[in-house]
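Q: Below: one structure in structure tokens.
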Amino acid sequence: MITTLPKVELHLHIEGTLEPELIMQLAERNGIRLPYADLDDLRRQYEFTDLQSFLNLYYANLDVLVTEQDFSDLTRAYLKRAQAAGVRHAEIFMDPQAHTSRGIALATCVNGVSQALADSVTEFGISTSLIVTFLRDRPAAEALEVLTELISLDAPIIGIGLDSAEVGHPPIDFVEVFALARAHGLECVAHAGEEGPPEYVWQALDLLKVSRIDHGIRSLEDDALVDYLVQNEIPLTVCPFSNVRLRVVDRLEDHPLPAMLARGLLVTINSDDPAYFGSYLDDNFRGLQQTFGLDAPAMAALSRNAVQAAFLADAERAPLLAEIEAWLAEQL
Ligand code: ADE
Ligand code: ZN
């Protein structure tokens, strides 16, 4: 049973969990006029040709998120669905600049999301942490300002990441931001090698000194990079259905996941923006099982990889690993 496999989600944008129904409800609650005739009209917008076409809709829909309550309702709705998917630990991305740039206070989005996360263990049996992601298609100086404010607010974040439109926005532009984060003991991750070249993965590793790569599937184009990632056990947070829906690959059958596993990469499976791609974490695992015939030990191995890749203490990993072994014993 895929839903009962204990799972760890390491690449999940909380804004990407905003379901069409919640968009309509929040628009009504906040008196916001949407550019869609109705729910069906909104749903018809979810056909993407590339990353940018998706980002256009993703950013536009954020207008309905205004109050702390909106952000905590969004987060609770994700946690409820994640619980049903078998998620036991989630490291959640939030894009502060997607909100501050439209006049929402930094404290509003941070407090709203973190209030919901504070109750995630008791309400949903999911341990959580928050990673703020900076928008690489906005100026690095703005990211530096936001990070400085987050640090002065003592925001409950464990790390930073880098996302949004990749091509033309290399990691090298964000060296100062990541240096400041590291100086404050924050974990560092970055989207790289989703649409961008292997060179961006190298930059994220060498210049930003990230400990995980988000996506990274184009790493396969560079043998030396693959060797480096394998030797250093750098985790890749791969998002199979995202890659299909954003046309990074044509069909799930064409996804390089089997090749990545064969090369010995530390691959984890993630949902990225499940409300936009129609697939939460269980759906991603199920799709891989059906398409590539992954058996129970292979699925357990993917879950174990995510436990290893998580920003957790060994004492926190142990019970998750034990749950995965118990699940596997039941399947055999
Ligand atoms: N922001 C939300 N989802 C993203 C993705 N898949 N790539 C880059 N930025 C994102
Ligand atoms: Zn992402």
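From the backbone N, Cα and C atoms, a Cβ is placed for every residue, glycine too.
Automatic, uncurated: that is what TrEMBL annotation is.
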Q: Pick from Asp119, Asp272, Asp282, Asp283: which one does TrEMBL list with His11, His13, His191 for the same Zn(2+) site?
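A: Only hit among Asp119, Asp272, Asp282, Asp283 in TrEMBL's Zn(2+) site, alongside His11, His13, His191: Asp272.
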Q: What's the CA to CA span in angstrom from His215 (site 'Important for catalytic activity') over to Asp272 (Zn(2+) binding site)?
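A: Cα-Cα distance, His215 (site 'Important for catalytic activity') to Asp272 (Zn(2+) binding site): 9 Å.
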Q: State the three-class DSSP label for Asp273 (substrate binding site), counting H, G and I as helix, E and B as strand, and everything else as coil.
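A: In the DSSP reduction, Asp273 (substrate binding site) maps to coil.
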Q: Can you check what DSSP calls His13 (Zn(2+) binding site), collapsed to helix, strand or coil?
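A: Its secondary structure by DSSP: strand.
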Q: Which state, by DSSP, holds Glu194 (active site, proton donor): helix, strand or coil?
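A: Where Glu194 (active site, proton donor) sits, the three-state DSSP reduction gives coil.
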Q: Could you check the binding-site residues His11, His13, His191 and say which one's CB has the fewest neighbouring CB atoms inside 10 Å?
A: His13
